[in-house]
C-alpha cells in the first residue's frame, strides 16, 4: 500500500471520488478543497472504481447541492457532496428526505463552528450536531489516516445499510493537517464493494420503464406508521458498520470498531470523546499510564446510530468515573449531545458510574495534553466539576478547569519546527511542500498544521511541522521547538518569537539587517534567549532576492531552501532537487517565466544564507526603558493589544460582551508595518488630483488641507504646497501616507497621472520614523471646511474615509469602492454585509476598519449569513422606515402643539424634506438645536411628545441603507433573495463587488465567472457565459442599475454612486474588482480594470429609471467600441493563460466564445442606448 503525504481533505476526496459517480458541490471553508480536488481530477480524466470520470456539478448553494444529491440518488447514481458549517445546515431539509427514502450516500463534512454571536471559519462539532436528528448515520474520523480508512467504511456501509452517512472530521485540525499516510488504491477498494447492493440501488431508481411514486403527502392515519417502518434499517446499521470495518481491516491491517478503547486495562477514570481530540487524549493517556495512572479513553467512531451494546463492550469493568467531552455548545440543554448519550446508556443499563460532561475546542480552540491532564485531575477530585469547560478561563459562570501542570507527551526524537509567516507571502505553501518532500522521500513520519488569522493577506501565519521515526498523534500546537523561523522582520519585538525554543535550537530570520545591525535591531529579551540557549542563528535577506528576481513579496521558495540547508533533515543536494521538482508541479501551468524565477530563487538562497555570530554579552542584554504609551481606550489595551500579540487565548470570558458587539474605528491602533515599500510624496510633481487617495485599498494615503497658521510646529519634513482651486484659496496642500498602515501595493504610484510621478516607492525601513511623525501631525490638524464638489474625485477625497486600514489583500479591488461609498454617505450609512471577503476584511475581530468622523458618526455595520444578505438589508430598511414614520408622526403632532415659531418652522421643513439627505440633515440639526429649550418650556403631554422626539432624534437625518457583498452571494447563493428585494421597490442600495470568483473561499467559479476562466470548480475552464445580472435587474424597469470599474472611469463611478443613492427605489451597482485570484500583479489592479473596459471585457453603463419618468432613454452606455485586444487582455491574467497551457485546444474554443459573447453583449447594449 503506497504512502503519501497529504491532508485530510485530500484523503476524503480520494475515497469519495473512487466510490461516486456524481458529486454536486458548493464552496465553503474548510471543506472546499475536497470539491476542488475532485473537480481537478475530473478535468484531467481520472477514473473511479467504475472506470468512469466523476461527474462534478457546481450548484448555486449548499441547499442546491443537497437537492441535486437527492435528485441524482433518486435517479440511480451514486452521489456525494462536501460541506461544513452553515452549508450543512442548508442541507438539512434534504437530508431528512434522503434518509427518509433510504437512499445510500455519504456527505463528507469538515466539521466547523456555526455563526452565532460571530462567524468562525474554524473547527468544532456544532454543525454535525445540528444534523444528528436527520436520520443520517454519523461516522467520525480522528486523523488523516482515519479519514482515508473511515471514508471507505462509510461508502461501503451505506450501500449495505441503505442508511445515508455523514462522514465528519475536524475542520482545519484534520481537514488541513498534512500527514504521511497509507493510501488505499482504487482496485483494492473495488474488491470490497457490494456490487449486488449497487445493482439493487439502481433498480430502485426512478425509471419510466418501471415507474413508481415517492415523496407523497400522507395523512394522520398512516404517517406515524410509515415513519416507524424504517426502524429495522437503523437497528442493523451498527452491525453492518462493524462488519465493514473488519473488511477494511483485512485490506489495510488497521482495525477500527464502533468504539475503540485505549489505556490501562484496569482504568478507573476514562474520557469519552470523538474527533481529533482522541489523538491528543490517547497520546496523553499513554504518557500517564507509563507513570502508573489508571486512565483510559473511549474513542467514538459511529456516533449515529449510537450502539449501547458496542459502547459497553469496550468500557472496562473497573471504571468508576467518566468525563464526556463535547466539541459543541447547546445553550439551555441539560448537557451536550455525547454526554447525554453516555448518560442514557449507563442509566438504562444500571451502571453506577459517575459521569461528568465538559466542552472543549470550540472554534478550533487549542486542546493539548495539559488540558487532557486537567480533565483527568478533575475526575480524581472529591467532587468532580460537571458541565465544565477546558482551555479557557471562565470568570463569569466559573465552568473552567484549572491547568495545574504543563506536560510534554510527544514521542522522543520528534523534530519540531515553527514558522512565522505573513499571509500571502507563500510561507504556508512552502511548508506544505517541505512536509511532502520529507514525508515522500524519507522513512520519517511527518505532520504539518497551519494557523491563520482572518485577514485576507498580511496577517500572521504560524506553521507547525513535526518529523520523526514514530507515528505522530500530536494534534495540537508546538510549544517546544527545535527550529523557529521568522519570515517577516516586523514580527521582531512584536511577538515573543522564541518562546519555547529548545537549548541549542535553530533560529532563522528573514531581514535586511547585517550581522552588525542585529545588536541594535533585536530586542534585549530575544538576544538573551539566543545567547543563553546557545541558539544557532541564521539570517537571509529573502525580500531583496525575491524583488531582484521578480517574485515581488513571494519569499516562500527562498525560505524553504534556507530551511533545508540548516535543518539537516535530509541532505541538502537531495532537498534542492525535490524543491525544484515541486516548483515544476506547483507552478508549471503558470509558464516558464515563473518556473525560472523560482529556480533562481533556490540557487540565490543557498548563496545568501548567513550564520550570525553573536557576542556572549547578549546573555546580559538589558531591556530598554519602555516607550511612553499614549492614552488608549480600554478596549485597545485589554482586548486588541493582547489578541494582536497572539495572547488572545489568555483572555477570560468577562472580557467579552455576550452578544458579540465590538467597537468601531480600531484598526488605526494596529500599525502592522507590513509593507516592504511605501509611497513618498514628491510635491513638485503633484497636480493635486487626489487619484492616489481614491484608489488606495486601505485608505493609507490621503490629501490634507491646512491653514498656514495651523502648520506651526510641523515637522521639518512636513512639506506642503499651495492648494489649487478657488475653493481652497489660501490653504496649504499635502499628500501624506500612514507608513505603518500602508501595505505597499503601489497602486497609488501607478495611477498617478503626473508627467513625472508625484509618488515614488521607497523602503519602509528608511522612512518610517519621518513619515510616522508627518502622519501623526497631519491627523491632528484642524478640520478645514471647503466647498469642493463631493461628486468629483478631488472633492470626495477631502472627505474622511470611514473605512480604513482593513485586512484586505494589498492592491485589493473591493475596498476602494466601499471606502468611496463611506466618504460620500458614511455618516448616515447602515450596511448589511454578505459573508465573503468583504465581511472578513470588514468585520474580523478584534480590529474594525469602519470608523467614525469627528462628530462620532459613521457606518453601522452588520453581517448575518451568506445566503440571506439581501433579505437582511431589506429588513433593516423596513425597520428604519418604520422608525422614521413614527418620528414623522410625532413631529406632525408637534406642529399642533404650543411650540415656538422657530421650532414649528424646523418641523415643517423636516417633514417636507425628510426623504432628502441634505434637507433632512439641515432641518434635523435645527430641531436638535431647539429641542432642549422647547422641552424646558413645555409641560404635560406636550413635554412627553417633545421628549419622545428627542429619544428618536437619531432618525432625523435620512439613513442610507447599503447591501454589500460579492458575486458568489449576488449571482448565486443569494440571488433569489436579491431578486425579491429589488422587485420589492424598497429604497435600498446594493453594491456587488464582482471579482468573478468566490474570492473568500479560495477562488471558486461563480455564475459571474467568464467563459474560459480557470477557477477552482472550473479546472478545465468555465464553459458557460457570465450571467448578466444587470440586464436581469433592468427587466423590472424600476431598478437603478450601473456597471462600473474604478480603474476605467472615475467620473462614471462617481455619477453612478450618487445617482443610485439619490434614486428613490432599489439600486444595483455591479463593480469590477480585480482580485489576486485572477493571477495578476496587484500593484496594477486599477490598470487591469482599465484594460478590461478598453478590451470590451467589462461594460460601463447606467440605467436610471428616473430618466424614463422624464421621457428620456434610461439606458446610458458609458464605454465605447473596444480599443484594445480582447485576447491580449485574457493573456495578461493567469486564470486564462493557465487554461491555454494545460488544454490549448479547449482554450482556443472557449476564448473565441468569450470574445463573441462580449461583442454580442456590446451590440445588445448599443441597441438599448439607441432606444
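Cβ coordinates are placed from backbone N, Cα and C, and glycine is handled just like the others.
From a predicted model like this one, the values you see are computed outputs, not experimental measurements.
According to Swiss-Prot:
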- 29, 112, 1000: pyruvate binding site (BINDING)
- 424, 425, 426, 427, 428, 456, 556, 598: CoA binding site (BINDING)
- 686, 689, 692, 752: [4Fe-4S] cluster 1 binding site (BINDING)
- 696, 742, 745, 748: [4Fe-4S] cluster 2 binding site (BINDING)
- 809, 812, 837, 1075: [4Fe-4S] cluster 3 binding site (BINDING)
- 814, 837, 967, 968, 969, 995, 996, 997, 998, 999, 1000: thiamine diphosphate binding site (BINDING)
- 967, 995, 997: Mg(2+) binding site (BINDING)
- 677-706: domain '4Fe-4S ferredoxin-type 1' (DOMAIN)
- 733-764: domain '4Fe-4S ferredoxin-type 2' (DOMAIN)
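Here the features listed in Swiss-Prot are painted onto the structure.
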{"residue": "425", "record": "CoA binding site", "CB count, 10 Å": "25"}
{"residue": "456", "record": "CoA binding site", "CB count, 10 Å": "24"}
{"residue": "598", "record": "CoA binding site", "CB count, 10 Å": "23"}
{"residue": "696", "record": "[4Fe-4S] cluster 2 binding site", "CB count, 10 Å": "25"}
{"residue": "752", "record": "[4Fe-4S] cluster 1 binding site", "CB count, 10 Å": "23"}
{"residue": "967", "record": "thiamine diphosphate binding site", "CB count, 10 Å": "26"}
{"residue": "995", "record": "Mg(2+) binding site", "CB count, 10 Å": "28"}
{"residue": "996", "record": "thiamine diphosphate binding site", "CB count, 10 Å": "28"}
{"residue": "1000", "record": "pyruvate binding site", "CB count, 10 Å": "25"}
{"residue": "1075", "record": "[4Fe-4S] cluster 3 binding site", "CB count, 10 Å": "27"}
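For the domain '4Fe-4S ferredoxin-type 1' (677-706), same-chain residues at least 6 beyond its ends with a Cβ under 8 Å from one of its own Cβ atoms are 719-721, 723-725, 728, 731-739, 741-749, 751-764, 767, 771, 778, 781-782, 784, 786, 793-794, 796-798, 801, 803-806, 808-816, 819-820, 1046-1047, 1050, 1086. Neighbours of residue 996 (thiamine diphosphate binding site) among the binding-site residues 29, 428, 598, 689, 752, 812, defined as a Cα within 10 Å of its Cα, are absent: none qualifies.
Listed in sequence order, the residues of the same chain lying 6 or more apart from residue 837 ([4Fe-4S] cluster 3 binding site) and placing their CB within less than 8 Å of its CB are 456, 808, 814, 966, 993, 995, 999, 1000.
Other residues of the chain with a Cβ within 8 Å of the Cβ centroid of 696, 742, 745, 748, the [4Fe-4S] cluster 2 site, are 678, 679, 692, 695, 697, 698, 700, 701, 737, 743, 744, 746, 747, 810. In sequence order, the binding-site residues near residue 424 (CoA binding site) (Cα within 10 Å of its Cα) are 809, drawn from 686, 689, 692, 748, 809.
The secondary structure of residue 748 ([4Fe-4S] cluster 2 binding site), as reduced to three states from DSSP, is helical. Within 10 Å (C-alpha to C-alpha) of residue 692 ([4Fe-4S] cluster 1 binding site) lie the following binding-site residues from 29, 425, 745, 748, 969, 997: 748.
Neighbour density at the Cβ, taken as the number of other Cβ atoms within 10 Å, is lowest among the binding-site residues 689, 812, 997 for 689. The two recorded residues residue 812 ([4Fe-4S] cluster 3 binding site) and residue 742 ([4Fe-4S] cluster 2 binding site) have their Cα atoms spaced 12 Å from each other. Remark: secondary structure over the domain '4Fe-4S ferredoxin-type 1' (677-706) totals 8 helix, 11 strand, 11 coil, with classes taken from DSSP. Across the domain '4Fe-4S ferredoxin-type 1' (677-706), the prediction's mean pLDDT works out to 98. On the backbone, the CA of residue 427 (CoA binding site) and the CA of residue 809 ([4Fe-4S] cluster 3 binding site) stand 16 Å apart.
A distance of 26 Å separates the Cα atom of residue 998 (thiamine diphosphate binding site) from that of residue 742 ([4Fe-4S] cluster 2 binding site). Report note: the Mg(2+) site is defined by 967, 995, 997, and the residues of the same chain whose CB lies within 8 Å of the CB centroid of those residues, excluding them, are 966, 968, 993, 994, 996, 998, 999, 1003, 1006, 1008, 1009, 1073, 1075, 1077.
Comparing residue 426 (CoA binding site) with residue 689 ([4Fe-4S] cluster 1 binding site), their Cα atoms are 36 Å apart once rounded.
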